[in-house]
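Annotated features in TrEMBL:
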type	residues	note
TRANSMEM	12-30	transmembrane segment
TRANSMEM	87-107	transmembrane segment
TRANSMEM	119-136	transmembrane segment
TRANSMEM	142-161	transmembrane segment
TRANSMEM	173-190	transmembrane segment
TRANSMEM	196-212	transmembrane segment
TRANSMEM	224-245	transmembrane segment
TRANSMEM	365-388	transmembrane segment
TRANSMEM	416-437	transmembrane segment
TRANSMEM	443-464	transmembrane segment
REPEAT	527-560	repeat 'TPR'
Amino acid sequence: MGVASADDDNKLERALVWIVVVLVAYRVVYHASYLGDVPFAHATFSDGAVYEQAARDIVTHPPLGTEAFYLQGAYAYLLALGMMVRAWPSVGLLVQLLLAFVTLGVFHRVVVRLWGRRAGLLSTIALLAHPGLAFYENKFVSAELGIACNVLVLAGFVALLRVTLDRDESRTGPRVLASLGLGLAAGLSILARPNMVLALPFTLIAVGLLARGDGETPSRSWKLVALTVATTVLGTTLALAPMAARNLAVTGYPDVQPVHGGGTSFLIGNNPKARGVWNDADLLSARLGTESQELAEVLGIDPKLPARERARKIGDALYARSFEWIAANPGAWVKLEGRKLWLTLGDQQLTQDYDWLGERELLPWAHRVGVSFSMLLALGLLGAGAVLGGRWQPRETGEPPEPPPAFVRTRSARRALGWFLAGQVGAVLAANLLYFTSAQHRLPLVVPLAVLAGPGLLALRWWGRPRLARLLERLRARTPGPRGSELAGQDARDAGPPAIARWVVLLAGLALVQGPWPRGHRDEPHPVHYYNLAMVQDGIGEPRDALASLDRAIELRPRQPIFHMRRAHLRHRLGDLDGADQDLAVVFDLAAAGDVPDWVIAQAKLDRDNVALERRLNSR
């Protein structure tokens, strides 16, 4: 019986390994197809264009650059690593993809060390099979860098867990080094995603719980707590110091994060027009290079101020505007926060810069199946109930088929792991609720959820086995003869005690069934997707493809003045002067009715003059 069970276990683990291999191969094919067939891989727009601009500044003036970072400087440096080889953003994207595969390898190694081979493989499969992660691995946004840094933090924490198993009080050196490494990783995660600073207090509590242990001498314990917590804080400071030094040298101020402090994102998430996702708040143009000056004029800020001071004042003014609205509309704000949570926990990919449905048109076979967010959430809840609830324990009469790892056999280790994972989840949820939600912003949640997914699957199996055995016993009891009842009773005895509480199973079931509920009613790409696609196609030398994309954007939103202005400009360049005049006429008609940005009118007037000039030249 034992040999047969071991053979079954080996077959299961081999099957899990093959699933991992297939998922990795699929990922390679997907990224290769994206690089070869999708224009977005070769040019940037929106936030990606801001990052590219910063990366080019670093490449031109290495290693510090000459400009203040408007967005995360850490991601600009990641792009610059590739662009130092060849000044194309696509080369920077190759470096990002290399980082993505290294991150997946590190994650697998960490969860196998944490849970054991079988549960670790299940956690890796859960992460690999989530389509949202693959989607953002090849986009010009900081999401993948944030995932990589969060996995590095996880690796640092597990390393500290392993060192903590050594209870030799004379050896504090390994603990100090492990806590220093954890602090360094935490600092890098803050550079990649500023909201992860909210996870730092939870990490420090976890470090303290590990240092204190379950039964050490109180005086010795508190000294070790102080030492390891201080070392973790030191590591975080050391990770942040290079960015502060860079900004001090370039701007004269030791900033670690962009000086606007997230004012734009806070306004997007908290204004009368807000619905939980990106919107222009009747204020933002999202226009690269000029939005800062436009905001300064609207907010009454001197546009001639130095860029850093202007950005700080703009951020403060946007925060003030949002808080004023919240104070005047507390009920609407609470309802809005509930909607943000509802959107965050659903399966629908509420993409922001890059369009999920738009990519499906470009790569029809991609992202068709996988582990949805609600599945990850449900498995994560099951895993948390089993591991953190202390139910994943050896049986008194022998070990269960999958014994718990040594890391979670002690109360202090389970509590520390719980605090650590709570910080990783809470920091991301807080950002989605305080600002606005999107698939990109909630993506870091998949790391802690996938960590718990492996134990969650095993716990679900253990929870279901005795119930299935009892059901079989009832069915076999109706069958004549004693043998069926005897076998069913043996199955029930072998199944062992429940691994998770019933209320955890119910909560996980609720998380699972709410996910597919539609959060929006859009079943085709957003018009802005075609506009962005047109801008990228034009930028890489495909103007006729760009014109076709603009045609589609205008078909979906015929009274958008920016679309018509861009198409008029493109038609003029392609020699279609009549078509350009038609688009310009639409722009001026909309301007006469109001609600057209001044910069659009100015560009339309310039294009009208250029079209008139070319007509005169052609008539000669």
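Glycine too: its Cβ is placed from the backbone N, Cα and C atoms.
On a predicted model such as this, the values are computed, not experimentally measured, just so you know.
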Maximum Cβ pairs under 8 Å to the transmembrane segment (87-107) - stretch from the list 12-30, 119-136, 196-212, 224-245, 416-437: 119-136
Contact call for the transmembrane segment (416-437) and the transmembrane segment (142-161): at least 3 Cβ pairs under 8 Å, seq gap 6+: yes
Reported mean pLDDT - the repeat 'TPR' (527-560): 96
Contacting positions for the transmembrane segment (365-388) when only residues 6+ beyond its ends and CB under 8 Å are counted: 30, 33-34, 125-126, 129-132, 134-135, 345-347, 356, 359, 404, 408, 414, 417-418, 421, 442, 445-446, 448-460, 462, 499-501, 504-505, 507-509, 511-516
Long-range environment of the transmembrane segment (224-245) - Cβ separation under 8 angstroms, sequence gap at least 6: 73-74, 160, 172, 175-176, 179-188, 190-191, 200, 203-204, 207-208, 210-212, 216, 254-256
Best-contacting stretch, by C-beta pairs under 8 Å, relative to the transmembrane segment (173-190) and drawn from 119-136, 142-161, 196-212, 443-464: 142-161
Residues in the repeat 'TPR' (527-560) grouped by DSSP into helix, strand and remaining coil: 27 helix, 0 strand, 7 coil
